[in-house]
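Here's the structure we're looking at; comments come further down.
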Amino acid sequence: MASFTIYPAIDMRGGKCVRLLQGDYNKETVYGDSPVAMAEQFAAQGAEWIHMVDLDGAKEGRRVNDRFVIEAANRLSVNVQVGGGIRTEEDVAYYLERGVARVILGSAAISNPTFVKKMLQTYGRRIVIGIDARDGFVATEGWLETSNVKAEELGQMLAEAGAETFIFTDIATDGTLSGPNITAAVRLAEATGKEVIASGGVRSLDDLRALREYAEQGIGGAIVGKALYTNQFTLAEALKAVNER
């Protein structure tokens, strides 16, 4: 059976762990003062990967909370992937040379496709493409803008350019605990023929089991945030649920 990975999410703003509702910077809840301590807790529960997002960076277009990412990547025996505020080759190299396993490129895929293609050629599988969609269309700039490009179109273009892994976020479900948009994630996996990690809306172990059912179709994992922070289930329970045979 195809593997399925749980990615606990740590969204950072002002050096704290926060969650936003549907990407709205005015709807923030703080869940912890230390991103690295949070990463340690997830590692202790068995995480193989941790998904870290620099929300300040996404908004400002530069690295802001990068020191926490580097510290987590180097102190813990887990793989760290990071997104937010990564706009230049220097940003990509900065993280990858300092122990971070993978870098997520999101908005840049629309605003600067040449750059993204070059990064895919240079770094291969260490580049993950984040596709964030609102009603099927790609959103950019920290979700503040919506483009006229369909998620599957962007996915196909970047798969041809060498992308092997996508993170698909359905903005309508993000931070809502309303259930993931499985259909849209599977559509992207089928359109690209590549691995898609689903993000947004996971609220229960059953949601994770439901996503896991599509592992053979290319759904390679799920990013889980709010459900962990609001104690819907623990990371240890999530890992157990998706590894049941």
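Cβ coordinates are placed from backbone N, Cα and C, and glycine is handled just like the others.
Listed features, source Swiss-Prot:
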ACT_SITE  Asp11  active site, proton acceptor
ACT_SITE  Asp132  active site, proton donor
- Quick one: pull the CA-CA distance for the residue listed as 'active site, proton donor' versus Asp11 (active site, proton acceptor), whole Å only. 15
- Note on the structure: Students should find that the Cβ of Asp11 (active site, proton acceptor) has, within 10 Å, a number of other Cβ atoms equal to 25
- Including all protein chains displayed, how many Cβ atoms other than that of Asp132 (active site, proton donor) lie within 10 Å of its Cβ? 25
